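Chemist: Below is a structure I'd like to ask you about.
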Ligand SMILES: Nc1ncnc2c1ncn2[C@@H]1O[C@H](COP(=O)(O)OP(=O)(O)OP(=O)(O)O)[C@@H](O)[C@H]1O
Ligand SMILES: [Mg+2]
């Protein structure tokens, strides 16, 4: 990249300012507020608050329903990530056979990623609603009792499917780029060495894709942790019961619905720490492993 | 170890035909070098033999077995690629052992064969390294090793030396030749370097525009090039061509300037247009032949390359002994026994009859 040298320091700072303001306004300020609030407890009427130290954290971490949510989030996130990665990898491998180098086509394929979570949810709702959804009605007609509004397992399955679907195109693009960066001669060498296509995939392609796969795994986990709020909110609102209440959704219910700001803040700080850890792991790993 | 037989191999990519019927008969243990300008179809031919590309028509027979429809895996060939194509995520050992593992060779045997090949190539100390931790020359050896351990019927080399520096290239060239002799594996070696071709091959295939212009031993090709393309391609500096018309019963060619050149024999009917080829090193100082004006002298130590022009403006190159030559007018003779005669129309060699 070209280096530009500025005279003086006013202009560079001026150019950085918008980005800094936005980051400050929409990240550091709310994050700071969350940390601050996580050490406070409000009285029942929200009129006064007092400093309670780590008490909110202790309460959250010892709350059996929060732990249940955490476990559910684990299942949910891993399912979403595995499903989204698996489907994307399969599609990318199929596509790679046919569209080596077709760049415009490739960029078109990322469009589903731009669909808003609420819209994605509506799409799945139209497919799987027991009364108006095509598949929902079909399942019921086949004698399979399907109603995700009553059955917690079905609800969780549906939000997993909808959330994974939205992430597939993103993963697909990365996997496809990863696949196309594998030199063709390496695969040909493996073919001449006698490896079947399956074997070639598992012993050559997949290992060479693993840095991409790992990067995507972290991105997908973070996505499942945070960005699926819209999907869950539009489809199930965390219900029935608490069967689709993930940690991020719980932050919302406790904070916005139940107005338990101290606990909600503590929960979001815990989530923030999880992301920081995930990201740190990713950076370390990527730095070490990205070049062969 | 096996023979290889190619029968009238043709290949088209969509509407463009790349190979126009190449036939080749390779004896067991023979080293064939396929040489030609860029884009003439060398790699395509090699890839068809490997099974990476399917011929449009024709047959590939390895060791008596028609492998035309078989996958690369089932042809029992090994290939060394120009950019080596090592598996980046495997150690040197892993790279060399991969093909053996797939074929279910017992572990101890794999170990033995890889060690042996590594010693042979002088990379025994590098077995634990990854390809990215190796120099170009070392990677080249690993790629060779990966081919050797398989003990295949056929070695295929696609310009394996072109990424190495000049000195290493010469060294590896000799090494490949020695190895190939020692192992006695039938080999096809693609290159566009004529020195590599001359020194490596038992026989050469000179390719030109998807045809095999000539298939013969290096000396034969040098001494009796089949057409003007082969004549100009092999030999450095390239052969000179002079346009002439036959006379005196076809034993003399008259050049445009009126100079008469006696030919080694009868080359056709009087009045036929021919091209007379003479290699720069065969021109000798002396009157009665050509009189070029030398414009540039390149001293090479014991000899010099002289670039000049004939009175009609056509270029002429001569290679004469001695380091000091003046520029300006010069007289050169054409020894009849060193002349090559080609048909001016088709470019094909005309064998002079005495
Ligand atoms: N997959 C392909 N699709 C279309 N055309 C191709 C394909 N592969 C090769 N060609 C064409 O076939 C011709 C011969 O290619 P090939 O790679 O065999 O040349 P080459 O003799 O190996 O040249 P080089 O010395 O540059 O490697 C070229 O004109 C090339 O453009
Ligand atoms: Mg080539």
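Quick reminder: no glycine exception, Cβ is built from N, Cα and C everywhere.
Per TrEMBL, the feature transmembrane segment maps to A:12-31, A:74-95, A:107-128, A:155-179, A:200-226, A:265-286. What TrEMBL records for A:70-282 is domain 'ABC transmembrane type-1'.
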Chemist: Which sequence positions outside the transmembrane segment (A:265-286), separated from its termini by at least 6 residues, show Cβ-Cβ distances below 8 Å to it?
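Modeler: Cβ under 8 Å, 6 or more out: 31, 33-38, 40, 56-57, 59-61, 66, 211, 214-215, 218, 221-222, 225-226, 247-248, 250-251, 254-255.
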Chemist: Find the member of A:12-31, A:74-95, A:200-226 that has more C-beta pairs under 8 Å to the transmembrane segment (A:155-179) than any other listed stretch.
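Modeler: Per the Cβ count, the answer is A:74-95.
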Chemist: Pairs 6 or more apart in sequence, C-beta under 8 angstroms, 3 or more of them: is that satisfied by the transmembrane segment (A:74-95) and the transmembrane segment (A:200-226)?
Modeler: yes
